[in-house]
Amino acid sequence: ALEPLSVGLAIGVASALTGYLSHPRFYCSYVECCPRAGQRLNATALKAQLDNRLFGQHLAKDVVLKAVLGFSNNPSPKKPLMLSLHGWAGTGKNFLSQILAEQVHPAGLRSKFVHLFLATLHFPHHDQVKLYKEQLQNWIRGNVSACPSSVFIFDEMDKMHPGVIDAIKPFLDYYEEVDGVSYRKAIFIFLSNAGGDLINKAALDFWASGKRREDIQLKDLEPLLSLGVFNNKNSGLWHSSIIDRNLIDYFVPFLPLEQRHVKMCVRAEMAARGYAVDEKIVQEVADEMTYFPKEQRIYSDKGCKTVQAKLDIHEDF
């Protein structure tokens with residue numbers, strides 16, 4: 001038979017070990033956990049990521065950095081953070097949303113707390129809008145219940161059937177709770193090509209008047225975007241109650257990229273592949289891109305979207 005002292009010691013050791021293994025710090029080093037209440041974003045890390053990985057978007061970087069850090073540092077926000085990113089393809093909208101997701105949840109888009117919706121994949125049929133709205137509400141409710149700081153990214157908003165996105169309006173509003181769940185720590189991000197033409201025209205106007213690109217301010221574009229997207233039948237936010245109720249915190253414009261920005265993308269891609277940066281190749285790839293207006297060739301019409309593919313044909317260097 002075991003001595004009482006031995007049994008007591010074994011129980012004590014087992015209890016201590018169980019307590020250690022179940023401690024959040026240990027457990028969360030092996031299993032992804034939702035960030036603790038009051039846990040703040042690393043401002044230095046977020047700024048460094050935006051500076052080093054997002055090119056030619058002074059407005060987007062400034063607005064998102066201030067908005068996200070202000071939201072993170074607020075112990076009791078009145079509503080979720082809602083950002084709507086607009087601009088042509090290849091200007092960095094997806095890139096920025098990935099950077100932001102990685103700062104909130106280190107696993108980024110692989111995180112079980114980050115949810116990406118594609119309009120053409122998840123909401124393809126016009127005649128099933130009612131079903132989509134119901135599914136979307138249930139999905140968001142369940143995930144925010146599991147992790148209050150969940151991140152929801154809606155891509156291809158310009159292809160979203162009108163009315164679908166209005167399903168999330170109750171979760172974006174100024175409510176303490178909705179059916180017993182608080183959504184005030186969640187982040188919602190819309191990505192859309194809608195409004196890109198308005199942004200490009202404004203950028204061209206600045207260039208034509210001899211002004212610096214970096215002098216473009218949010219106030220020069222945000223009112224145009226808000227109204228333009230609201231009245232655009234192809235925006236997914238056409239006559240949306242989300243805009244009508246002023247629930248989008250920022251309409252973030254992504255400017256068209258110049259050749260110098262395309263070169264930055266090429267250099268970054270070469271470095272990511274472990275290559276020494278060859279300026280001759282950088283120039284060749286940049287020259288292979290197409291630009292507008294046709295005569296002046298100021299802005300890349302695909303941003304940096306095809307840089308990886310174009311660099312592939314120079315692999316032998």
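Any Cβ shown, glycine's included, is placed from N, Cα and C.
Per TrEMBL, these features apply:
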type	residues	note
BINDING	GLY87, TRP88, ALA89, GLY90, THR91, GLY92, LYS93, ASN94	ATP binding site
DOMAIN	257-312	domain 'Torsin-1A C-terminal'
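Those residues of the chain, other than GLY87, TRP88, ALA89, GLY90, THR91, GLY92, LYS93, ASN94, with a C-beta within 8 angstroms of the mean position of the ATP site C-beta atoms are PHE95, ASN193, PHE254, GLY303, LYS305. Looking at the domain 'Torsin-1A C-terminal' (257-312) alone, the prediction's average pLDDT is 94. For the domain 'Torsin-1A C-terminal' (257-312), the DSSP counts in helix, strand and coil order read 30 helix, 5 strand, 21 coil. There are 15 other CB atoms within 10 A of the CB of ALA89 (ATP binding site), with all protein chains counted. There are 22 other Cβ atoms within 10 Å of the Cβ belonging to GLY90 (ATP binding site). Of the listed binding-site residues THR91, ASN94, the Cβ environment within 10 Å is emptiest of other Cβ atoms at ASN94. Here the Cβ of LYS93 (ATP binding site) has 28 other Cβ atoms within 10 Å, regardless of which shown protein chain they belong to.
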